[in-house]
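Written out below as structure tokens is the structure these notes cover.
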Amino acid sequence: MATVVAEKLSRLFNVQQLWQVPRLLEGAFPSSPSTVDDSAVPWVYRKPYIHTGYRPLNRTWKYCFLTLFQQHNEAVNVWTHLLAALILLVRFRRLSQAVDFANDPHAQPLLIIVVASLTYSTFSTVAHLLQAKSEFWHYSFFFLDYVGVAIYQYGSALVHYYYAIEPEWHTRVMGFYMPAAVLLAWLSCAGSCYAKYRGHQLPQLLGKLCQEMPSGLAYMLDISPVLHRICTTAPSAGSSDPALLYHKCQVLFFLIGAFFFSHPYPEKWFPGKCHFLGQGHQIFHVFLVLCTLAQVEAVALDYELRRPIYSNLHSDLAHNFSTLCLFTMACCSLTAAYMSSKVRHKLSCKAE
């Protein structure tokens, strides 16, 4: 089964070929101004143990877009999620040929997770690529990034609850699971926006709590149907449940990615050596992409093979869950817009 998983994932993308894309395209564009040291950018741009490779601020939008093909300390972060978005587009096209998204209400959660995955990877690409425009746009684009993450959190909770859950676990959590998923997705967005806005004014521990505690609680809730299914399925039943290995992979990839998101390794071990490649956040991006790809494969198989289970559990509730998704998007978008207005006011007061 592991060989099958590896073969399917390898069909989605060839890593060696994809990483050659920026190198091939670089020569087609004019060179941009050189990068600068951390002393030349505001504190909000500075990363621990990364002392150079920053792009100069207040350049044109054209310059920001062309840095897609330049070497700087955000280049890998941009390309990992840009390539992920392209891979997901290809996967979406294949799914749309096999799944009747328009007429099958039970396909709506599958559509939501694919669109949510595309959304967070696209928003992340935009944030890492264009945040060098100015301080205001740095904040605003990362607030947008947090909106994408929150939408993806909700989408993950939905497909795990809709397709992956076992009837026994559904009985235990059906009264609170989806409302809690909405609340925690919004808290994740709001907490991340607030921690970003306050920045160094917050104690480091409090900032981490604002950003990571809601996301951690959301993940514990969102993944619970999957963990319950893994723990209650006999090892001998794995061959009859091909999605299970993908679910195990997505959990493993997420946990590895979460470690590198929360800890500045390996740059802390090799200060001054990871300015362009080898940063913990870059490794986090890679494992988050792998987690997402494994998750999409898992829920696509669950959609195909577990219809008798989920159609009996959820009946005609798919439209309600889609409405909850729109509500979550609206709440998170309004929160990001409000925080952007506060940033604009703060920067205008600072300029005076």
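Backbone N, Cα and C atoms are what each Cβ position is placed from, and that goes for glycine too.
The record from TrEMBL ties His281, His285 to Zn(2+), and of the options His72, His106, His128 it ties His128 to that site too. For His281 (Zn(2+) binding site), the number of other Cβ atoms no farther than 10 Å from its own Cβ, over all displayed protein chains, is 19. In summary, the transmembrane segment (176-197) does not lie against the transmembrane segment (110-130): fewer than three C-beta pairs, each 6 or more positions apart in sequence, are under 8 Å. Residues near His128 (Zn(2+) binding site) in space but far in sequence (CB under 8 A, at least 6 apart, same chain), listed by position: Glu74, Asn77, Val78, His81.
Within its own chain, His285 (Zn(2+) binding site) has Val76, Asn77, Thr80, His81, Ser124, Gly257 as residues 6 or more apart in sequence whose C-beta sits under 8 angstroms from its own. Comparison of 75-90, 244-262, 283-301 by number of C-beta pairs under 8 angstroms to the transmembrane segment (136-164) places 283-301 first.
For the Zn(2+) site, the Cβ centre of His128, His281, His285 serves as reference, and the other residues of the chain with Cβ at most 8 Å from it are Glu74, Val76, Asn77, Val78, Thr80, His81, Ser124, Gln279, Gln282, Phe284.
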